[in-house]
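Novice: Take a look at the following structure, please.
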Protein chains: 2
Amino acid sequence: MKTSIATVCLSGTLAEKLHAAASAGFDGVEIFEPDLIAAPESPEEIRALAARLGLTLDLYQPMRDVEGVDEDAFRDVLRRAEAKFGLMQRLGIDVVLCCSNVATATIDDDEVSASQLRRLGELARGYGIRIAFEALAWGRFVDDYRRAWRIARLADHPAVGVCLDSFHILSRGHDPAAIEQIPGEKIFFLQLADAPALSMDVLSWSRHHRLFPGEGSFDLTRFLTHVVRAGYTGPVSLEVFNDTFRQTDVRSTAVHARRSLRWLEDAVARELGAEAGFAPLPGAGAPAAFDFVEIKAEDTSSIEALLETVGFTPRGKHRTKPVTLWTAGAARVVLNEQHARGLDPHLAALGFAVSDPAALTARAGELGTPFAYRRTYAGEQALDGAVAPDGTEIYWAPQGDGGGEPAWAAEFEHGASVRDSPVVGIDHVSLGQPWQVIDEAILFFASVLELPTASSTEVASPQGLVQSRVIQSPDGSIRIPLNVSPPILSGRRAALPQHVAFACDDIVALARAARARGLSPLPIPQNYYDDLAARFDLDDAFLATLKELDLVYDRDADGEYLHFYTATVGDLFCEFVERRGRYDGYGAGNAPVRLSAQQAGAEPADIVRA
Amino acid sequence: MKTSIATVCLSGTLAEKLHAAASAGFDGVEIFEPDLIAAPESPEEIRALAARLGLTLDLYQPMRDVEGVDEDAFRDVLRRAEAKFGLMQRLGIDVVLCCSNVATATIDDDEVSASQLRRLGELARGYGIRIAFEALAWGRFVDDYRRAWRIARLADHPAVGVCLDSFHILSRGHDPAAIEQIPGEKIFFLQLADAPALSMDVLSWSRHHRLFPGEGSFDLTRFLTHVVRAGYTGPVSLEVFNDTFRQTDVRSTAVHARRSLRWLEDAVARELGAEAGFAPLPGAGAPAAFDFVEIKAEDTSSIEALLETVGFTPRGKHRTKPVTLWTAGAARVVLNEQHARGLDPHLAALGFAVSDPAALTARAGELGTPFAYRRTYAGEQALDGAVAPDGTEIYWAPQGDGGGEPAWAAEFEHGASVRDSPVVGIDHVSLGQPWQVIDEAILFFASVLELPTASSTEVASPQGLVQSRVIQSPDGSIRIPLNVSPPILSGRRAALPQHVAFACDDIVALARAARARGLSPLPIPQNYYDDLAARFDLDDAFLATLKELDLVYDRDADGEYLHFYTATVGDLFCEFVERRGRYDGYGAGNAPVRLSAQQAGAEPADIVRA
């Protein structure tokens, strides 16, 4: 599959965009006209630069308002077109995108539009150029790809075909199945964009909120399947107008964009098999479980003290590194003091148990993922890993035999013997995300780790609204809420703290025992319990227990959720949760209370009473 | 007019919100329930804090889904209500906001809703509480204030009335005139919010994009006029859900919020005269002209060199300060090296010529504007001024006699005699705005200086989209485009450079003369001129002149616009413009070319060849 990207997707100057697209592995680019107009390089220089970088220049875009006009206006269209066709010759581009008329159309007649496209096509042919006619979703008269194709067919000229853009088709809810009725060779160009489900005017939606494939709610797999079945073999190009991507680092956006196409290619290859003409990614499904969390700091003793209070066992020190392992049930916490001078405790890495680590490594490589590196000594388990967009390292290792401990755990020595603990495993891990990386993070987890987005919500904090998007494996064994920081906090490394939520079977016993051992939970205000009593008809004794232990509570039709939080140390806090019945959420209604309590206690906290 | 604000408008904890509201001069607050639930203070403590701060607690909100339900569900409503009424007694609040049912309504019947409100009202009466029933714009059955009033009237209970919210009424396009048919004493509460004209689902619009009065597109003057005429005398309260205000500094947001009500009060007082029962602001209309711009730096000689090349006259040094004055026609540039150690050139202040400076000072004071301060020695002209939300100082002084120089100019001594210059005045001044202050800036200029927003546009830069909102006096003599930086740049003092555009009568002569004297204009790429030729049918000689002089060009039905830019020095660049005919814009189509050229030349530039 030949890949391309419109320069409007990327930040920077035109030359910077070309460099970034080439180094991310794109085969070509679409030149967005304003990028060329603002460039100091001549068209010949741009052409030569692209050639040196190994990029083809696939499309010049857009020409606007070319059809459906009176004869006077059409003469001006031809004059403009001639200037642009000359420019395209200098660039060496042979396809131009012509959008359906938005501003100047006065004639709503397929025959008129077809005849004007035919004349434009005839002019273009003289320059060796072909016209790709596209129905904009907000075209004055032509706003449906089926009508654009009807007009192009009527034009009946070898230099006139259509451009298909997934946004213009799917945003209007038009069925893409009819694409298969267009002969592949008359589809002159293909543009792809995903988008979130928003109900707003389609022009603003298109201009500001498009996303790369895999990040929104459009079914692009089905869309591209229809296009492949139609026999289209040209470039598959991204045209994503997005306020964030326009301002973020051009190189990482280009890599992220390229990843979205590889992900989509995989999905279509799996849908169509050999018919697709391109190969699926290696893959072994979503990870089976959390393997470990790694907390890094110059001094991890505050975390050790916390883990003690909830019954974790110190399992030993790593043979060759200043790293310790603590376990409780299936929960493994690695405390890392290596290369951590001056660092406060923070969540540095997540480990996943996977069935086929080598396949996942190959998959990550094909998706252009930056790899994480760990030095490994003789006899030690090598861990492969990747760096997530927020900087968290993600490692993967084989599952332990029969669900037991993974092989790498044996590298930790001189530990205590395993104690009983009410903690049974890791329920979820929340990662605070800078606002500008959330879309890339969604795609990263979906494409590299096959962890899709399960839900999305919004909670109020004293510092602004926090959008929370939950990444979850199909069986719920892996749950990662991604919490997006309000922009005002951007620039701070971990604007929102990360947190690890441990699962337990009996939260009341755990909370009581931990208190007895000195743990100070995050204090929950009395007002919260008064409201709880008003919302739910709770037993007085139960309510008193919640209050005594600073437990918070949620309930839905499927079950109940009881949890409590520790104070924040460094960039991190812990949560302990008990799910009753089939409750599947995260107590989002309690998050504002937690966020306020954390704000109130924002001075450095003693997580455990000394 | 008694003023109030909902705590949901502000960032921070509940106690911080109360402090900020009181110190901004609000009379009371509405307690937004989640703020209370998350607060560590008891209801009694909140009540006592508010009393100490001199704030009344005007409303508890919201109770949801109280009517239109079956008898089983209604019993649960009464149980919840009883708990909340008890809480309200502890807070000392006697009005509760009950919204029309969104989630649980099953019965679409005025009689049923009225009867349930009557029973709720009867329960409330026992607690000394009144029910303010409000039609949410997205209520399941009740979504129109006229229907809410019909139901409240049917309920026929002294403890049942309505709450009016401008957003819910105006967002639906409902005519507010019928408010006058509601007896004032049955309007139990009034909430005001403005909003930009957006076409999106009304729930998202309401939850994220509300604005304070004067910042959006609703006609709140007319709205409040109807409410006053209905005989309402209760609090006028702001309820503004806004993603930005929720994260910005609570104190400045509260001041800004209070200013919006004073502005609105003024507008209604002018509309209704004595009938309003409150007084208009002092005021003398919009400023008549730019008086001066002040550029500050440790060393202003690069700006002096620039002004030389375009024919400004050095008019002398200030008697007592390291400040010089340069003039050309009506353009006055003050160069200030006082207290400027380490500072690069930046636009520090704007001066306006006004007819009644004392009235403007009084007006600014009533609007809670932070004052700007200049030390004044004996015999010097005292300048009053204010600090705009972006930190720019704004001063005002009397106009010079017969349109001549202002009195303060006489404080500059030992200058050269006035030369002829093609520069005739200041056309406009563009101020880069951090994204989080733009709404406050719009209100600041509209309320303090009576400069409304004339237009709004968006231009692409290599670092993201720039929203540009133009503040303009009615006669066009004052024009200030406010350019909003993409959030990625936030934190940088002047993320987008400021610029001063000087008007001239003959831009070609000016550009040529300035070049001869060594000015290097911002270079405009050849591609721009190729596109210009394709867009407009321009004379070859004219095009060659534009290109020779790095002039950019725009044209509309009313006239033409020719301009060129200097390089950026510090946080500032200059522009020189010639308006032909009645062209009223700013060449927005040329801005992306300018922004790219500035990005390309982002290394420190020599504005004038040495």
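Every residue, even glycine, has its Cβ placed from backbone N, Cα and C.
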Novice: What does TrEMBL list, out of B:Gln116, B:Gln181, B:Gln191, as binding the same divalent metal cation as B:Glu134, B:Asp165, B:Glu239?
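Specialist: According to TrEMBL, the candidate sharing the divalent metal cation site with B:Glu134, B:Asp165, B:Glu239 is B:Gln191.
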Novice: Using only what TrEMBL says about Mg(2+) binding by B:His428, B:Glu575, identify which of B:His414, B:His499 is listed for that site too.
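Specialist: It is B:His499, as the record lists it for that site.
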Novice: What other residues of the same chain, not counting B:His428, B:His499, B:Glu575, have a CB atom within 8 A of the CB centroid of the Mg(2+) site?
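Specialist: Near the Mg(2+) site, beyond B:His428, B:His499, B:Glu575, sit B:Asp427, B:Val429, B:Ser430, B:Pro481, B:Val500, B:Ala501, B:Phe502, B:Phe573, B:Cys574, B:Val577, B:Tyr586.
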Novice: Here are some binding-site residues: B:Glu134, B:Asp165, B:Glu239, B:Glu575. Which one has the most Cβ atoms within 10 Å of its Cβ?
Specialist: B:Glu239
Novice: Of all the binding-site residues given, namely B:His428, B:His499, B:Glu575, which is spatially nearest to B:Gln191 (divalent metal cation binding site) at the Cα level?
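Specialist: Answer for the nearest of the binding-site residues: B:His428.
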Novice: Within 8 Å of the Cβ centroid of the divalent metal cation site residues B:Glu134, B:Asp165, B:Gln191, B:Glu239, which other residues of the same chain have their Cβ?
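Specialist: Leaving out the recorded residues gives B:Leu97, B:Cys163, B:Leu164, B:Ser166, B:Phe167, B:His168, B:Phe189, B:Leu190, B:Leu192, B:Ala193, B:Ser237.
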Novice: Provide the number of Cβ atoms within 10 Å of the Cβ of B:Gln191 (divalent metal cation binding site), excluding the reference atom itself.
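Specialist: Here the count is 25.
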Novice: Report the DSSP secondary-structure composition of the domain 'VOC' (B:425-567) as helix, strand and coil residue counts.
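Specialist: Its residues divide into 45 helix, 55 strand, 43 coil.
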Novice: I'd like the number of other C-beta atoms within 10 A of the C-beta of B:His499 (Mg(2+) binding site), please.
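Specialist: I count 22 other Cβ atoms within 10 Å of it.
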Novice: Between B:Glu575 (Mg(2+) binding site) and B:Glu239 (divalent metal cation binding site), what C-alpha distance do you get in Å?
Specialist: 42
Novice: Expressed to the nearest Å, what is the distance separating B:His499 (Mg(2+) binding site) and B:Glu134 (divalent metal cation binding site) at their Cα atoms?
Specialist: 48
Novice: May I ask which residues of the same chain, at least 6 positions away in sequence, place their Cβ under 8 angstroms from the Cβ of B:His428 (Mg(2+) binding site)?
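Specialist: For B:His428 (Mg(2+) binding site), the qualifying residues are B:Arg479, B:Ile480, B:Pro481, B:Ala501, B:Val577, B:Tyr586.
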